[in-house]
């Protein structure tokens with residue numbers, strides 16, 4: 001195969017784009033930015049992203065997809081009030097919105113029309129921040145080679161958040177207006193207003209810290225799920241198994257946290273060796289069991305009562 005000889009590319013992410021191919025002859029352009037959906041290989045040629053996302057990539061996308069859903073559920077529960085019968089319907093609507101947004105996002109991604117995406121392999125943290133690696137050969141002129149080297153893991157999250165926001169604005173106000181009769185007019189839409197705040201925050205978080213989240217999200221899931229489970233059980237004054245079983249809502253919260261524990265463990269292990277990694281899932285109930293066994297020594301109810309009395 002004949003390939004034209006040109007000066008080597010500078011910079012970590014600059015590459016040469018294929019201009020013409022005729023049989024065994026390939027002609028490449030000048031060194032510069034790769035088109036969307038391509039990244040440079042070891043020889044500094046832009047190559048299309050044709051690989052399938054790894055399990056860890058899907059787990060990362062699942063984590064980013066869960067963030068708005070969990071925040072929706074939190075603010076719905078926070079503002080719905082104990083006597084409101086609309087919370088369940090709002091929870092289901094939020095789940096429907098996020099699910100539909102995820103499906104639509106996959107359908108409009110390349111290849112269009114199928115629940116499948118092609119991607120480039122993430123090799124290192126700098127792949128997420130190519131704008132920081134534009135070379136300056138003469139220390140004056142900068143060669144701009146910024147592109148999505150982790151295609152489409154970076155931009156697909158923004159598309160998903162946009163669809164989540166659109167679907168929420170189309171569906172939720174109508175639902176809340178119809179069924180949230182137990183709430184005052186000023187409280188009915190507070191969960192929607194909260195989403196208008198946290199979606200921009202999530203967008204900035206992905207834009208700035210997407211690469212860091214990619215490597216840290218398993219540990220974030222484990223730490224936050226452990227902390228929130230301990231806080232919930234202590235605030236609910238759960239000190240034994242009977243206190244846990246007396247209400248269905250407490251069991252739902254417990255099983256939800258167990259799912260998050262399992263998600264974090266699978267993300268950390270990546271299930272590279274199935275026979276060695278799956279037994280780690282037996283550790284999922286450990287934090288809750290440890291809490292129940294040690295609650296009698298700390299007496300959360302006494303601590304809460306003393307805090308309420310100002311002691």
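Glycine residues also receive a Cβ, built from the backbone N, Cα and C atoms like all the rest.
TrEMBL annotations: computationally assigned, not manually curated.
What TrEMBL records for 58-76, 88-108, 151-171, 192-213, 219-238, 250-266, 278-295 is transmembrane segment.
Sequence-distant neighbours of the transmembrane segment (151-171) (same chain, 6+ residues past either end, Cβ-Cβ under 8 Å): 36-39, 49, 53, 57, 60-61, 64-65, 68, 72, 93-94, 96-98, 100-102, 104-105, 108-110, 117, 119-120, 122, 128, 192, 195, 199, 202-203, 206-207, 210, 214.
Only residues 6 or more beyond the boundaries of the transmembrane segment (219-238), in the same chain, are considered here, and those with a CB under 8 A from a CB of the stretch are 63, 213, 244, 250, 253-254, 257, 260-261, 263-265, 267-268, 287-288, 291-292, 295, 300-301, 303-304. For the transmembrane segment (192-213), same-chain residues at least 6 beyond its ends with a Cβ under 8 Å from one of its own Cβ atoms are 60, 63-64, 67-68, 71-72, 75, 79, 125-129, 150, 153-154, 157-158, 161, 164-165, 168-169, 172-173, 176, 220.
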